[in-house]
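The disulfide bond feature in Swiss-Prot is assigned to 6-16. The lysine amide annotation in Swiss-Prot covers 17.
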């Protein structure tokens, strides 16, 4: 259940600000 928004393709994935 990830929050909406764009995510980086790095690992671990982090929400982009």
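Cβ from N, Cα, C; glycine included.
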## Note on the structure
Rounded to a whole number of Å, the separation of the Cα atoms of residue 6 (disulfide bond) and residue 17 (lysine amide) comes to 8
### Task
Within 10 Å of the Cβ of residue 6 (disulfide bond), how many other Cβ atoms can you find? Include all protein chains, please.
7
### Task
Name the secondary structure element type, per DSSP in three states, that contains residue 16 (disulfide bond).
coil
### Summary
Out of 16, 17, the listed recorded positions, fewest other Cβ atoms within 10 Å surround the Cβ of 17
